[in-house]
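Undergrad: There's a structure below that I have some questions on.
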Amino acid sequence: DGCGHTVLGPESGTLASINYPQTSPNSTVCEWEIRVKPGQRVQLKFGDFDIDDSDSCHSSYLRVHNGIGPNRTEIGKYCGFGFQMDGLITSKSNEVTVQFMSGIHTSGRGFLAAYSTTGKSDLITCLDIGSHFSEPEFNKYCPAGCVIPFADISGTIPHGYRDSSSLCMAGVHAGVVSNTLGGQINVVISKGIRYYEGSLANNVTSKVGPLSTSLFTFKTSGCYGTLGMESGVIPDSHITSSSILEWPNKTGQVNIWKPENARLKRIGPPWAAFISDEHQWLQIDLNKEKKITGIITTGSTLAEHYYYVSAYRILYSDDAQKWTVYREPGMGKDKIFQGNTELYQEVRNNFIPPIVARFFRINPLKWHQKIAMKVELLGCQFSIGRAPKITLPAPPQNKNDKNADFMDDFIHSVKTSLQTDKTTFTPEIKNTMVTPSVTKDVTLAAVLVPVLVMVFTTLILILVCAWHWRNRRKKTEDTYDLPYWDRAGWWKGMKQFFPIKSAEHEETPVCYSSSEISHLRPREVPTMLQTESTEYAQPLVGGIVGTLHQRSTFKPEEGKEASYADLDPYNSPIQEVYHAYAKPLPVTGPEYATPIIMDVSSHPSPHLGAPSISTFKAAGNQASPLVGMCNKLLFRTDSASSAQALYDIPKGQPGPGSADRLVYQVPQSMAHPTVSMDE
């Protein structure tokens with residue numbers, strides 16, 4: 001008479017002393033015999049232990065034995081107030097006996113313990129709550145039997161459960177573990193919310209809860225979408241029933257509560273049976289095999305008709321001829337699902353393991369006034385081939401025929417294993433316990449999000465292309481280019497003038513070494529002639545060492561033809577090279593452009609007496625003097641001893657032999673100091 005809450009499953013279970021968590025009565029005893037599969041061992045974990053030890057465990061104690069019966073051997077004897085036992089108690093065989101003795105005492109809650117096979121190293125008890133664990137994500141094993149009256153949970157899916165809730169009891173409520181089987185849970189800790197809703201699911205009532213610092217949810221396979229009752233994917237012709245309620249109202253109009261009215265959240269009357277007895281059913285054809293993980297039901301949802309179903313069975317079939325009643329693995333009887341307790345509230349029940357079938361039938365067993373309900377199925381597609389299933393009609397239960405009952409269990413276990421072993425689960429998604437109310441929004445978002453991404457991507461590409469085209473056009477407008485008719489010729493004519501070294505500063509006056517000029521041979525300096533008269537003279541490009549850094553817009557003397565043939569001191573064949581002209585200089589800019597910089601480095605120069613040719617214009621007879629400093633120029637000389645330089649002579653000025661100092665003219669807009677240098 002000392003046994004309290006007890007659920008002994010095939011792989012795990014929960015046991016507690018009588019009246020736990022209140023003080024256990026005096027002079028009571030209870031003994032539990034636990035068996036698991038042969039070849040496995042049992043491990044025991046205490047969630048709470050509070051037994052009077054005033055007489056040193058003589059009259060009040062808990063004793064654990066290896067084995068069952070007279071040949072059992074003692075593992076340990078325990079007592080004490082608030083006794084903390086670290087680790088697990090492990091048996092040596094697949095059988096364990098737990099004995100509780102309560103003597104004369106005035107206090108002591110007794111104990112609560114959980115057991116499982118030894119393969120579950122992460123076993124917890126029904127008393128463990130979310131706030132006991134600090135990891136953001138963790139896995140634990142919940143034993144069977146954690147739906148206990150002295151534990152509370154607050155919250156629901158998909159929003160999450162308050163951190164003060166029992167982990168395993170919340171797992172049963174969420175539909176991730178079975179109360180009769182236990183199972184593994186994957187928990188994710190998140191920031192708490194201000195308000196936690198309450199609901200009824202899997203025979204567990206979740207209460208409304210206040211603000212908390214954290215909450216937890218469960219990672220699942222994600223197979224919890226709606227299968228088409230509410231959305232209308234399942235057509236009316238695929239929803240049938242055993243009977244239909246028809247009745248006239250006060251005005252004489254006939255009301256027909258047809259089976260197609262049994263769509264969850266659909267405004268209007270529900271489906272109702274004409275006769276209320278245990279032989280009525282509502283059948284749904286899913287058109288092909290689906291993986292069914294749960295069901296949601298409501299009552300009539302009409303205040304003037306207070307009808308609902310409070311308990312029902314589930315049957316399923318592949319051909320609508322041979323039906324199988326749903327049972328949990330290892331259970332010897334049909335599972336009875338708790339239905340509604342009033343006509344409005346949605347009540348959810350999950351199938352662990354899931355059902356794989358095309359035809360689904362609900363058989364009401366208990367109801368209020370009349371059989372009336374609205375339904376939605378939860379699950380996902382199932383397209384992977386399976387081994388042939390064993391299906392038999394549900395025979396009448398004969399309680400006296402144990403062999404027939406065992407055969408039914410065996411057939412159901414084989415059928416279930418064939419169904420679940422071949423199931424391909426969808427990838428795990430964090431915190432996705434999706435209820436039917438949000439599935440429709442998820443589907444809509446799956447369509448809209450790609451469309452919006454494509455639209456925004458197109459707009460961004462258009463803007464980038466427009467910006468690039470605008471910059472390219474602006475750059476083209478600001479850049480001087482060669483005329484289309486002269487590009488090929490210019491290239492062929494200029495390939496021989498590629499520089500070896502270029503001046504680092506284009507506007508720096510050039511000082512030529514006399515030793516360099518003295519080494520140049522007349523035949524090495526072809527004369528560039530300009531054959532057409534234009535507004536501006538073409539700059540003279542002399543020698544094979546010329547480097548054209550910038551196209552010139554030098555203006556010739558007024559009244560003279562822009563030809564340089566008369567200035568050529570060499571008797572060399574004339575080679576006509578046409579050069580492109582740059583755009584005219586702006587009105588506000590300088591009259592003359594920057595002179596051409598010619599690199600004569602590393603080449604022999606002519607004799608000092610050879611005349612140089614310049615294209616600078618002399619302003620009247622006055623020249624703007626500029627003397628370059630040879631020792632500071634950037635051009636190399638062949639001899640380190642050569643310190644003299646020869647400057648170009650402006651047009652119309654006397655040769656170098658008639659002047660003591662050579663003057664080098666620059667454009668009028670450039671202000672340079674005048675420096676003199678002796679030859």
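Just so you know, glycine gets a Cβ as well, placed from its N, Cα and C.
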Undergrad: According to TrEMBL, which candidate among Cys3, Cys57 shares a disulfide with Cys30?
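TA: In TrEMBL, Cys30 forms its disulfide bond with Cys3.
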Undergrad: Which residue among the disulfide-bonded residues Cys3, Cys30 has the fewest other Cβ atoms within 10 Å of its Cβ, if you could check?
TA: Cys3
Undergrad: Counting each residue once, how many in the domain 'CUB' (3-118) are helix, strand and coil under DSSP?
TA: 0 helix, 61 strand, 55 coil
